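**Q** The structure under discussion is supplied below as C-alpha cells; questions concerning it will follow.
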Amino acid sequence: MVCHEIMMHMESTFFSFPSSFCIMLLLAVFCYSNQPVIQLRLAGEKKKHYEGRVEVFYNGEWGTVCDDDFSIYAAQVVCRELGFTGAESWLPSAKYGKGEGRIWLDNVHCTGSEKSLAHCESNGFGVSDCKHSEDVSVVCSSKRIPGFKFIRNQANSQEGLTVQVEEVRIRATYSHRKRIPITEGFLEVKDGGKWRQICNEDWNQMNSRVICGMQGFPGEKRFNTRPYKLLASRRKKNYWGFSINCTGNEADLSDCKLGREIEKKGNSTCGKGMPVVVSCVPGRVFAPSVSIGFRKAYRVEQPLVRLRGGAMIGEGRVEVLKNGEWGTVCDDNWNIRTATVVCRELGFGSAKEALTGARMGQGIGPVHMNEVECSGFEKSLTECYFNPNSLGCSHEEDAAVKCNVPAMGFHNRLRLSGGRNPYEGRVEVLGERNGSLVWGTVCSDSWGTMEAMVVCRQLGLGFASNAFQETWYWQGDSSADAVVMSGVRCSGTELTLEQCLHHGKHVVCPKGGGRFAAGVSCTMTAPDLVLNAQVVEQTTYLEDRPMYALQCAHEERCLSGSADKADPSSYRRLLRFSSQIHNNGQSDFRPRASPQSWVWHDCHRHYHSMEVFTHYDLMSLNGTKVAEGHKASFCLEDTYCDEGIQKRYECANFGAQGITVGCWDTYRHDIDCQWIDITDVKPGDYILQVVINPNHEVAESDYTNNIMKCRSRYDGHRMWTYNCHTGKRDLFTLCIKDEIFFSKKK
C-alpha cells in the first residue's frame, strides 16, 4: 500500500520538484525490491488445466484471494505470472470450490501492467474480512508465453508448488524418429525458452502416466533402459533443476507438485541417475497396424462409452450404453479428472477440457449417469461412482470432453489452396509421382459430403459445410494441377483421406483436375437432425385411398411400382405416420441448394429444396426391402421451437427454408407422400425404417441418429408398430423386445 502511495506521489511531484522525484525514485526502487515474493497456482474442481481458484503461496503457507474489487486486469496479472499469455475471464464466489487456510489478499486493485499480484494495491497480506465462499478464480488463455522463465521462491518451502513449464515433449532417438506417433524417448521440458531433461532419481510410474496422457496416449509401459543409458552417456545434458511428484490422476503436468531441488554437481544435476525416458502405449486407433495373424484372433468388444457430435477426433458428447440403450451423462460435478477417465478408456490421452451445458449438442434417450465422481484410475466411466437417485437432469446439461490425441502429422499431407479463408479451398494432397512426393489435386468424380468431412477433420478444421466438384473460382498452385488421387470413397469415420477407398497408382479421372478438382469448405459447428421415434409409433395407421385421389403423389413417385399399371378406380393401401424432426446440433440445418436452383412441382404447387429429404422403408426381418417411400423437402421450416428460441424459417411466400437449432419440423400424417405404399405387402413381421438426409447431402455432426427403426406386424387388415427407437440397434435386441411386447398383448 505504501509503495503504491509513493508511486502516486512521484507522478504529482515530477515537474515541480525534480530533486524530490529522485528521492522518491530511490524509495520506489527500495520498496519494490523488498516486495514479498509469492508463488501462484490454480486449484479446485477444474475443467481445464489453465483455469481454477487462485491460490497464493506466502510466508510458507497456501491461501486464497478474495473476489472483492477483483477485475480482469488482476486476472491478466495472475495469468501472466503463471506463464500464460493472458486471461479470458475471472469468476467470483468460489466457482471452483472453497479453498482452505488464510485469505491472503483482499480488495486487490491492479492496472494490468504489474509483474506480480504482490505488486498490486491491496489491504496487505493477511488483512481480509472475506470468507472462502468469496474465493476468486480465473480462466487463462491456453497459450504459454514463449521463453517465459518461471521464478520460484527458493527462500520458502517448495511444498505445494505446482510444476510450471512452457512445453513438454517426448524426444525420440534417431532410430525412432520416423515412427508416427512418437511413443518413446527422452522427456524434455521447455523452461525459459530452453529444452531441458529431467533427472530420473525421483521419477516414478505415476509421473510417466501423466506425461503419456498429455501426449495423447492412454497409458505407460516398461522399456529397455540399456540403449538409453548408452545414449545418455554420449550426449551433452542440460538438466531442469527439480524433481516432479504426480499422483497419476492429473490431466496435465501443471497439476503435479514440484519436487525437491536436484543438487548440482558441476555441469550435471543428476549425479546418481540419467535423463528420464518415457514409453507410452498408443490407443487402438493410433497404434501401428497389427499383423494379419493377430488380426484374425482379435475380437472387438462392444464399447460401453462413446463420443458423439464432436468436430475433431477425440472430442464429443459422452454417451453410455446401459441395458442395450445409449444415453447421456449429466454435467453435475463433471470435472477434468472424470473426463480423463473417459478419454483414456476410449484410447486417447488425458482430457484437455471437460465441457458442460451440452456444448457438443444435446443427446437423445435417457440420462444414464448423474453426479459422477471418479478417482482417476478407473478403467471405464461405468466403474465410477454416480448418484442413481438423482433426477431432473435434462439434455441441456449433457456432459462432453475434449481429449489429448497423439501428434500424427496428418495435416502435413493435405492442404486447401485458393480459398478466401483458411477454412475453404481446392483439396491438394501430397502424393507419389515418378518416385517422388509432389502436391496434386483430387479427382472430383463421386466427391461428396463424406469425403469432405474426412478432409476437414484431417486438417483440424471441424465439419464439412460443402463439398465442391468444380473449383475453377479457386486458383491454387499451378504446379499442383495434376490429379494424384482418384476414385475416393469414404465412410466418414476415416482419420485421413488416404485411409478412404481410392485408386492405386493408376489414377483414373475422365474430367481431369484443374477446374474440376475436388474442393471443400469447413466449419466448426454443424446441425444434427433427430427423428422423434415416439411420434412415429403413436401416429401409425393404415388408409385405403383410391388411385384417382393420388395423381400428384403418383407423379412425384411416392407410390410403389405396381401403381403404374393400376386401374384408376382401384385403391392403394398406405401406411401413414407423422414425423417430427428436431435439430439437436450447434448450427441451423439449411438445404445445400440455393433458392434459385430449387425445383418447382406444379401438381403440388410447391418447391423442393432437397429432392430426397427422407427415405421410408418396410423391410423383412432379414433386411430385404419389401416396400418403400420417400419424402422431398417441399417445406423445411420451424414448426415449433423449444422455449426461448425464436423461429427463423417459414416457407410461406417463397421464404427461407431450414430448421433452427432447438426447433423441429413436423410433417403430419395427412400430407401427401407421408407414407409407405404397402398394397403388395403380404401379412407378416417387418421392420419400419425411416432415414433422414439419406444421401448425406447436408453435413451433420452425427449421422448415426438419422436412422429410426420400429418393429411392425401386419395381419392383412391392421398394422401394429412398436419398439420404435432412434440409432442403430441389433436385430437380436429387436426380436427379444418383440416377444416381450406380444406376450404382454396375450
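Cβ atoms here come from the backbone N, Cα and C positions, even for glycine.
The disulfide bond annotation in TrEMBL covers Cys66-Cys130, Cys79-Cys140, Cys110-Cys120, Cys246-Cys256, Cys374-Cys384, Cys490-Cys500. Summarising the annotation, TrEMBL assigns domain 'SRCR' to 40-141, 170-281, 305-404, 414-523.
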**Q** How many other Cβ atoms sit within 10 Å of the Cβ of Cys246 (disulfide bond)?
**A** 23
**Q** Going by Cα-Cα distance, pick out whichever of the disulfide-bonded residues Cys66, Cys130, Cys246, Cys500 is nearest to Cys140 (disulfide bond).
**A** Cys66
**Q** If you measure from the Cα of Cys256 (disulfide bond), which of the disulfide-bonded residues Cys384, Cys490, Cys500 is the nearest?
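**A** Of all the candidates listed, Cys384 is nearest in space.
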**Q** Looking only at Cβ atoms, how many others are within 10 Å of the one on Cys490 (disulfide bond)?
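**A** So the number of other Cβ atoms within 10 Å of Cys490 (disulfide bond) is 21.
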**Q** Measuring Cα to Cα, how many Å separate Cys246 (disulfide bond) from Cys120 (disulfide bond)?
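**A** Pair distance, Cα basis, whole Å: 32 Å.
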**Q** Counting distance between Cα atoms, which of the disulfide-bonded residues Cys66, Cys490, Cys500 is nearest Cys384 (disulfide bond)?
**A** Cys66
**Q** Give the mean pLDDT for the domain 'SRCR' (305-404) on the 0 to 100 scale.
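**A** 94, rounded to a whole number.
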**Q** Can you tell me the CA-to-CA distance separating Cys130 (disulfide bond) and Cys120 (disulfide bond), as a whole number of Å?
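**A** Pair distance, Cα basis, whole Å: 18 Å.
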**Q** Kindly report the helix/strand/coil residue split of the domain 'SRCR' (40-141) according to DSSP, in that order.
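**A** Reading the DSSP string over the domain 'SRCR' (40-141) gives 16 helix, 36 strand, 50 coil.
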